[in-house]
């Protein structure tokens with residue numbers, strides 16, 4: 001039982017690594033087509049900021065090295081994704097991505113780190129950074145909802161990566177269990193929320209993954225009806 005937190009945390013590292021790597025297929029498509037199409041850069045920008053702060057949190061809080069290691073990996077991966085976005089996005093999206101990355105990943109991150117080092121000390125620094133990071137983690141888990149409008153409008157999940165939502169769900173669940181074992185409520189609340197939001201995203205994916213099913217059922221039903229019945233049903237409607 002003494003090793004259980006380490007085992008769960010190690011599993012959390014694996015699932016978090018899979019979350020960071022889950023958009024690889026998306027970026028293979030972007031590179032192959034030479035365009036970001038309708039993909040949004042906001043999830044990757046939020047994740048980079050989030051990973052940077054979790055890395056800092058894991059460094060300043062004793063015994064939280066499992067938190068810092070995987071998020072340090074995430075910083076590298078997300079930086080590559082954003083660089084690819086800047087290279088292949090159309091001018092409007094490129095400008096949006098550069099502006100958001102500059103504000104969030106440079107300006108805000110640098111401000112938080114400087115204030116944390118200069119003005120905060122000990123447990124107060126851990127609490128403040130933990131609170132900010134937990135809030136940003138919830139934003140990270142929520143960021144894929146930016147494509148929900150597109151999914152509902154087009155009735156297609158083409159631009160809603162399934163594996164990202166799936167691994168966010170698993171990742172949130174594992175880190176919530178880890179937090180309960182070590183008594184880290186910043187990790188627990190944020191990832192518990194993320195587990196719930198990941199489940200919601202999976203439900204949306206299931207609903208819209210086969211948008212033609214209802215249309216096909218309707219067509220099959222009409223084929224079974226006599227011509228007169230089909231015609232009458234249309235008139236009554």
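Glycine too: its Cβ is placed from the backbone N, Cα and C atoms.
Per TrEMBL, transmembrane segment is recorded for 6-30 (among others). Residues 36-37, 39, 44, 47, 51, 66-67, 69-71, 73-74, 77-78, 81, 84-85, 88, 161, 163-164, 166-168, 170-171, 174-175, 177-178, 181-182 of the same chain lie 6+ residues outside the transmembrane segment (6-30) yet bring a C-beta within less than 8 angstroms of a C-beta in it.
As annotated by TrEMBL, transmembrane segment applies to 42-59 (among others). Beyond the ends of the transmembrane segment (42-59), by six or more residues, the same chain brings 20, 23, 65-69, 71-72, 74-75, 78-79, 81-82, 85, 97, 100-101, 104-105, 108-109, 112-113, 116, 126, 129-130, 132-133, 136-137, 139-140, 143-144, 146, 164, 186 to within a C-beta distance below 8 angstroms of the stretch.
Summarising the annotation, TrEMBL assigns transmembrane segment to 65-86 (among others).
Nonlocal intrachain contacts for the transmembrane segment (98-120), taken as residues 6+ away from its ends with a CB within less than 8 angstroms of a stretch CB, comprise 41-42, 45-46, 48-49, 52-53, 56, 60, 82, 86, 128-129, 132. If you look up TrEMBL, you'll see 98-120 (among others) marked as transmembrane segment.
What TrEMBL lists as transmembrane segment is 126-147 (among others).
Annotation comment: TrEMBL describes 159-179 (among others) as transmembrane segment.
Here TrEMBL flags 185-208 (among others) as transmembrane segment. Beyond the transmembrane segment (185-208), the same-chain residues lying 6 or more positions past its ends with a Cβ under 8 Å from any Cβ of the stretch are 57, 67, 130-131, 133-135, 137-138, 140-142, 144-145, 148, 151-152, 155-157, 160, 162, 165-166, 168-173, 175-176, 178-179.
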